[in-house]
Structure formats: C-alpha cells, structure tokens
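Listed in TrEMBL:
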BINDING   A:Cys104, A:Cys107, A:Ser108, A:Cys109  Fe(3+) binding site
DOMAIN    A:15-193  domain 'Nitrile hydratase alpha/Thiocyanate hydrolase gamma'
Amino acid sequence: MNTFASKLSSSTPGERARALFKVLSDKNLIPEGFIEGITDLMENKWDPANGARVVAKAWTDPEYRALLLRDGTAACEQFGYTGPQGEYIVALEDTPTVKNVIVCSLCSCTNWPVLGLPPEWYKSFEYRARLVREGRTVLKELGTDLPDDITIKVWDTSAETRYLVLPMRPAGTEHLTEEELQKLITKDVLIGVSLPLAV
Amino acid sequence: MDGFHDLGGFQGFGAIDHTINSKSYKPVFKEDWEHLAYSLMFLGAAHLNKFNIDQVRHAVERIGVRQHVGTKYYERYIIATATLLTEAGVITQEELDDALGSHFKLANPNHATGRPAIGDRPAFEVGDTVTVRDEYVSGHTRAPAYVRGKTGVVLHRTTEKWPFPDAIGHGDQTALHQPTYHVEFPVKELWGDAADDGYVIVDLFESYLDKVQA
C-alpha cells in the first residue's frame, strides 16, 4: 500500500462520523432528539411502500392518474408523501413503447418521501457513470431485458425535480385489489430498472 | 466543476452490484454510523443554518480525487459536513483531530467564487430547441459535462423557481431564482455510436441554456 492510501485509511468511516458527532455534541450543538427524529424519517417514514400506494391508486383511479401526471406534487401530497427531497415531484409514464429510468449522475438525488432513501447500488459510481450512456445494456445486466422497439428514457436528476416511474399495469391483474396491486410495485420498479412483478 | 463526481458517461466501470429486486433495502442503514451522515448534514444546514444543500454537494465535489474514489457514499457527506462546519468556524480541524485521535482529512479548500445567473431573458417554452451553453465553470454547477454544447428539446418548464446552484452553492444568498427545464437529448447525440440508443433527459437551470432560433 502506498503512503497516500495508508494515510487515508488510518481511521475508519465510522470513527470519523463519530468524531464529528462528538465535537458537535461536546459543544452542545445537537438538540435532544434531533438525530433520532431525522433517523426515524429516513428509516421508517420514507419508504417505497409509499410510492407503491401512489402507483396502485393511479392504476385503479383514472382521475388520480391524470392528476399524478399533471401535478405529481399535488398527487403525492394527498398521501402526505412530500417533504425534503420530494418538494417538486414529476411522475414518468411508461407506455407500450417507452421505458423510463431514473438516475442522479452527479450524486444521488432521489425522491425520498416516495421512494425511500436511495440504495447503495443507485449511488454507486458504476450506475451513475453507465446508465446515461448505455441504458439498455445496464438494464439487461440488472435483469430487465427490453425488446428493441421499446425506447429507453433515462432521467438524470440534476436539479430540484424528483421523479417516480409510473409503470404499466401488467396484464392479468384486472381482478386484483389496490392493496394487492401495491405488492407488485417494488423500489426498483419506482426507480425504473424493474418492471412490476409478475402476478 | 469538472471533477470526478461528474460521472455521466465515464467509461471503465464494471458491473453494478445489483440484480433487480434481489436485495432488501432494509435495514436502510447497513452500519451503525451511517444515519449520522444526513442527520449531521441537516443539523448544519437546517438547524445551525451554516450552509445549504448546494454547498454540501459542492463540498463533496471538493474532496480530493484520490480520497473520493476510495470513500463510501455516506462517508463523503460526513467529510463534507465537517468541512463546511470548519470553514464556517463552528468547529476546528484541531477539535476533529483530537476527537478522532488522528488526522481528520477534510475536502480541498474552495478556490472558486461562484457566478451569478443570467437574468432578463424570456423563458423557454415546451418544444423549444435549446443548446447547453459551451462554458467551463470552476465552481459548483449542476450541468453535467456530457451535455455541454449539446442540443436538445424542452419537455417541461417547472412551475417553481429555485436559487441558481452556481451562486447559492457558494453561499451567495442573492442568487437569482430560476425555473429549470427537462431537456431531452438523443443518447447518440451525446456519445455517437459509442453508446446505446435511447434518450437522456437532464433537468437544467435556465442560465445553462440558450434557445436555438428556428
């Protein structure tokens, strides 16, 4: 290992995080419950189940679908799914000829209240570098092999718009309730790398 | 800033460590310190009011490339927050080093001053053809390099406005508020045949764009 690397790795990320916490804590700059409150939002409240509810409702309620596509923020606000990193929401409509996929090539921007915090792979250098340039190949590698007549549209989250994908409702789901439909919509479906789960 | 963080189109990375729906996203935090990254970032931004989220993004961009490549995602936000709080005079390098028991390496100093938005121009409309201004920015910017000088079509103009990142990312509270535009580019226009087919849509601030006269 060269000296550069060994100098950088003389402490672990966790040790550095706790050191910053300690310095701020020693100065009494962290109010009681502050960390716990935000952590609860991040761990529990912001969840892809929220986005699944939005999509399932859009699949079953044409008026809501129209609202979601016209004003995604208002549609998500009906459920209370707005907030930090989810203040200007746009839903991306998949069609028989278009598949939408979301990335943030510059960092990790994600629609937190609707999709939950981004997973590790979404924040990886690999996904950030490759999706915009070789979307079809990346989707195939991840497990979604799309026919050539489907156009892939990659949305790079480079400003304040926060997206969710509104996938097509799979055939054979006519008999399912809204609650059952929600189970077909995973986090990966909302990001756009996966199609809704088969019934 | 033409930094390592501007990864769109960068070649040489391998497979993405994921197969669709294979991994549980729970627990959200895989290690016991990871929740501190965003919580302490919000503490500095929303509670102590010492910086904004654009400055956090820029501080991450300022992490030295060798260090950046070797860091984990949440680690970079700890480094960025520590850097900004140090620059704001809330804490010191010495206090961080003491608490860590070794050198706490912060991001590189900010050598750029930022730049103002372009005002006094008519807004663009959906359907307009626009070109991303062929300009080089040393400070923070939210125009990925892969669209620099490229031409695309406006699909959407936001109904809200936000402070221009190239100014607010340097703490300039006078930053002009502007709408952003969803601009669609054919992938082949960006990288020729050394790319897949399809489209990329980038969310670009008004000041990054010029209208192409029909």
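Every residue, even glycine, has its Cβ placed from backbone N, Cα and C.
Just so you know, TrEMBL annotations are computer predictions that nobody has curated.
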Near chain B - the binding-site residues A:Cys104, A:Cys107, A:Ser108, A:Cys109, filtered by Cβ distance under 8 Å: A:Cys107, A:Ser108
Reduced DSSP assignment, A:Ser108 (Fe(3+) binding site): coil
Long-range Cβ environment of A:Cys109 (Fe(3+) binding site), under 8 Å and at least 6 residues apart: A:Gln85, A:Thr157, A:Ser158, A:Arg162
Output field, Fe(3+) shell: CB within 8 Å of site CB centroid, site A:Cys104, A:Cys107, A:Ser108, A:Cys109 dropped: A:Ser105, A:Leu106, A:Thr110, A:Pro118, A:Lys123, A:Thr157
